[in-house]
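Chemist: This is the structure I have questions about; it appears just below.
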Amino acid sequence: MKHLSLLALAAVAPTTALAGVIDHQQVTFEKPPTHNQIEKFLIQLGPGESRWVTEEEKWALKLVGFYVLEGMNFFDITAESDQGFSVKSFEQTKVTYPSEIKYQKELAPLSKDLSKGNMRENLVKFTSFHTRYYKSETGVQSATWLLERVQQAIDDSGASKHGVKVEKFNHPWGQFSIIATIPGRSNKTVVVGAHQDSINLFLPSILAAPGADDDGSGTVTILEAFRVLLQSDAIREGKAANTVEFHWYSAEEAGLLGSQAIFSEYSKTGRDVKAMLQQDMTGYVEGTLRAGEVESVGVITDFVDPGLTEFIKLVIKGYCDIPFVLTKCGYACSDHASASRYGYPSAFVIESEFKRSNQKIHTTSDTIELLSFDHMLQHAKMTLGLAYELAFAEL
């Protein structure tokens, strides 16, 4: 696998370009050289570690980051440079989470309503778009279809009369993000997220990118949890203590662009986000099983909020039928990092230990046939449990 990946990398990224990406250096927010008129992007590879790269170098870095140097991810912070500012070091919001789960009785009938069939049907359609690349026409089409599915869940539950709504969050690149809001008795907000875009790193604007696992699986997992959560009268009618939002982000693959835009806006407007859970890749278990290990979900432990992560462990123990394994994914590895960047407590649960996760992502081979909907059901149970428990928690 690693040899094949290196050959593929060589096909899309010249050695000199790749070397430039890997040779990290700190830079100031100066404009990039313009003598050759090649568009440049400012990426952040770690705290205080940024550099200008071409788009080709961005994709080369993602290939290297996943296949060779695990955890080598980045934020694209070009917009900050264009606007002449940088994100300050936000003080992390301190939240005390419950020490136990309390709503097993209320959640038992709801959990039984979670449907593998719904997730499969939605994922079949979602992966039928040629690509969900954030700059593509089909990326807009897939987002439009997803928006309609979220609205259908609201309509079917009759929740709109109680103020439940879904809205576009527009971006300059075409594909929009999606935010569904279930109002509670306060503006304290619990966020569940997944990213809707996909990418084929070899030729992003041309080749197919079904993105079944990355992150079609997370997209339909939280969609199903959202649908079932609205079956709760108390949640639907706004009786929970806190507001709950479900987010489907655009342009995660390009440097967490969609989620950065949303949490930047939330920070500017003083939104009180008490917790954010990211679901990115929820369906692949073959790597774990081939290694002779027990099927489990992967709880990320680096660059996350420790208190929220501890509570998620309680949720998994209480609502899932499989255990968790602790694992790491590195800096800026998914959209939870954007929440954390702006001071909001965040966490991330993935399909397995990171080294056992799907190696077919970002290619034409990231297809449904590789996924387990039984495993995705476990992620849906966890998502539903977390959303319900924190909706009623005193945060």
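Heads up, the Cβ atoms here are built off N, Cα and C, so glycines get one too.
The feature Zn(2+) 1 binding site is assigned by Swiss-Prot to HIS195, ASP214, ASP280. Feature annotation from Swiss-Prot assigns Zn(2+) 2 binding site to ASP214, GLU253, HIS362. Feature annotation from Swiss-Prot assigns disulfide bond to CYS329-CYS333; the stated evidence is similarity to another entry. Per Swiss-Prot, N-linked glycosylation site is recorded for ASN187. According to Swiss-Prot, the feature signal peptide maps to 1-19.
Could you place these features in context, so I can see how deep they sit and what lies close by?
Modeler: The secondary structure of ASP280 (Zn(2+) 1 binding site), as reduced to three states from DSSP, is coil rather than helix or strand.
Residue environment of GLU253 (Zn(2+) 2 binding site) contains 27 other Cβ atoms, counted within 10 Å of its Cβ in all protein chains.
In this view, CYS329 (disulfide bond) is surrounded by 24 other Cβ atoms within 10 Å of its Cβ, with every protein chain counted.
DSSP classifies ASN187 (N-linked glycosylation site) as coil under the three-state reduction. Less than 8 angstroms from the CB of ASN187 (N-linked glycosylation site) sit THR243, ARG271, ASP272, each of them six or more residues away in the same chain.
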Chemist: Work out how many Å separate HIS362 (Zn(2+) 2 binding site) and ASP280 (Zn(2+) 1 binding site) at their Cα atoms, rounded off.
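Modeler: The separation of the Cα atoms works out to 13 Å.
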Chemist: Of ASP214, ASP280, the binding-site residues given in the record, which has the fewest other CB atoms within 10 A of its CB?
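Modeler: Taking ASP214, ASP280 as the binding-site residues, the minimal 10 Å Cβ count falls on ASP280.
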Chemist: From the recorded positions GLU253, CYS329, CYS333, pick the residue whose C-alpha lies nearest to the C-alpha of ASP214 (Zn(2+) 1 binding site).
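Modeler: Looking at Cα distances from ASP214 (Zn(2+) 1 binding site), the smallest one goes to GLU253.
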Chemist: Report, as a single number, how many Cβ atoms besides its own are within 10 Å of the Cβ of HIS195 (Zn(2+) 1 binding site).
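Modeler: Around the Cβ of HIS195 (Zn(2+) 1 binding site), 30 other Cβ atoms lie within 10 Å.
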Chemist: For HIS195 (Zn(2+) 1 binding site), just give me the three-state DSSP call.
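Modeler: The residue in question, HIS195 (Zn(2+) 1 binding site), is strand (DSSP, three-state).
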Chemist: How long is the line from the C-alpha of CYS333 (disulfide bond) to the C-alpha of GLU253 (Zn(2+) 2 binding site), rounded to the nearest angstrom?
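Modeler: It is 10 Å, counting Cα to Cα.
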Chemist: Cβ within 8 Å of the Zn(2+) 1 site centroid (HIS195, ASP214, ASP280 excluded): which residues?
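Modeler: Not counting the recorded site residues, we get ALA194, GLY211, ASP215, GLY218, THR219, GLU252, GLU253, MET281, SER334, ASP335.
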